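Data block below; observations after.
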Amino acid sequence: LCCSLQKGPSQVAPVHIASEESADKTNLGFIHAFVAAISVIIVSELGDKTFFIAAIMAMRYNRLTVLAGAMLALGLMTCLSVLFGYATTVIPRVYTYYVSTALFAIFGVRMLREGLKMSPDEGQEELEEVQAEIKKKDEELQRTKLLNGPGDVESGPGTTIPQKKWLHFISPIFVQAFTLTFLAEWGDRSQLTTIVLAAREDPYGVAVGGTVGHCLCTGLAVIGGRMIAQKISVRTVTIIGGIVFLAFAFSALFISPDSGF
């Protein structure tokens, strides 16, 4: 009986300790993925085309409508990117880990080179390009209004329609913000980065961190508008982004692929 009592705790304790270690590793993996995602999204999106789209559209239309359309597009794109990245986990982790590390190094070097070659007022071309694109969409929208007749919720401040509150979220402006943002984000550096991160980090942490990062950047663009877009130094943000990407690549020297994150 004494022997059985002594053996009991020794058989149960390892299971309890293992479960605690597993929970700690899961939490640490989520936090690491969250911090990594939010960091790279912020340095990739500030001063990017999607940032300018939200900033300029928010100056012309209802800010809530623009924010809702842009965030739906960015949230959908983040989820798709995470799924693409997670699908690569069927490949042994050691391969995806070092391939993703190499991609981070490449992204970092490219961003540093681009940043160092940029002039201090870089970004004005992209700003003007976005303005021209939005102006073109506006002209198409006006033509549609003329064909369909008055009654659009965004037609002017004096228009009052009882269904205005819910129509804000299905208005042409919402569709325009969603479409422009989604197309601008497809194949963008931040999308590729999200895919790479999801292949090596906790996918839930990447999804949450990426979404929060997009919310911060898009919210800043919508609130600050063109003033922030003009004051942001794309050159500085690009150089900082290159350093952040290289830091994640450099961390592979100290973190094992089997460490859980």
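Every residue gets a Cβ built from N, Cα and C, even glycine.
Among the features that TrEMBL reports, transmembrane segment is placed at 28-46, 66-88, 94-112, 166-184, 204-224, 236-255.
Segment contact holds for the transmembrane segment (28-46) and the transmembrane segment (204-224), given three or more CB pairs below 8 angstroms at sequence separation of 6 or more. Remote same-chain residues near the transmembrane segment (236-255) are listed as 36, 39-40, 43-44, 46-47, 97-98, 101-102, 104-105, 107-116, 118, 193, 261 (criterion: CB distance under 8 Å, separation of at least six residues from the stretch ends).
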